[in-house]
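Q: Take a look at the following structure, please.
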Amino acid sequence: MVPSGVKAVALLFPCAGIISAKRTEEDSRIQSGGQELIDPGVFWMKQTISNACGTMGLIHSLANTNVLFVPGSPLAKFIEECKGTLRLLHPLLSHIDQYLGKTPEERAKLLETTPLFGKIHESAASSGQTAVPQDLDTDLHFTCFVKAPATRPTSDAAQRWRLIELDGGRIGPIDRGECNDLLKACPYTPNFRKVHSHTKKQDTAKYVKEFYVSQAKSISFNMMALCPGPEKEY
């Protein structure tokens, strides 16, 4: 059972064959023809470090939610500097570069030069029983899905939401359609298609099943959700 209130979803998938070709084709199509306007508050950064797509997925997940960070922690400082959060706190200092939000490429450069992430990678690689090859070449790749406010005004003034895919290896954030629930709070059973076929609105599992799983010959898929923990009774 998936709990309600999912904030982000990370997907591990085989980026090869038809899937890889369609990603490249879609990037070209968006570059030439555009896409649905995405809320400017969505945080996205370019991936420039090889085999760091998992880290990118984690950063995209956390930076686009209301998850609280330890004040003054390296991760909090990194996201603040990337977003330009300090400019919001100190608008009179907006003329100073360090208070401005960074471009996706500048965020990538900041990630490259932040010791915290190098230490995390080193620790993770040495903590398991199997040594991680330095020249690891794999077609498995992480991407991330979040929910963002729709930018088009509505006649009833109700808030609409869009499903957004965030992958540092793509051209930018990609709109995946109207979305109510990022991940529906229901068990995924053999009746999955019947449960989801009544609506045209996307949730992450529905989109992944239709546009990733259906195109792959591999079964190397994994999905993880960032969601609230179980409520404790006191």
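Glycine is no exception: its Cβ is also placed from the backbone N, Cα and C atoms.
What TrEMBL says about a protein is an automatic prediction, not a curated fact.
Feature list, courtesy of TrEMBL:
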ACT_SITE  C53  active site, nucleophile
ACT_SITE  H141  active site, proton donor
DOMAIN    1-228  domain 'UCH catalytic'
SIGNAL    1-21  signal peptide
SITE      D167  site 'Important for enzyme activity'
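Help me picture these features in the structure, burial and contacts included.
A: Following the DSSP three-state reduction, the secondary structure of C53 (active site, nucleophile) is helix.
The number of other CB atoms found within 10 A of the CB of H141 (active site, proton donor), across every protein chain shown, is 22.
Sequence-distant neighbours of the signal peptide (1-21) (same chain, 6+ residues past either end, Cβ-Cβ under 8 Å): 54, 57-58, 60-62, 64-67, 139-146, 181-188, 204, 208, 212, 215-218, 220-228, 230.
D167 (site 'Important for enzyme activity') is surrounded by 24 other CB atoms, counting those within 10 A of its CB over all protein chains shown.
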Q: What mean pLDDT does the predicted model reach across the domain 'UCH catalytic' (1-228)?
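A: Over the domain 'UCH catalytic' (1-228), the predicted model scores a mean pLDDT of 81.
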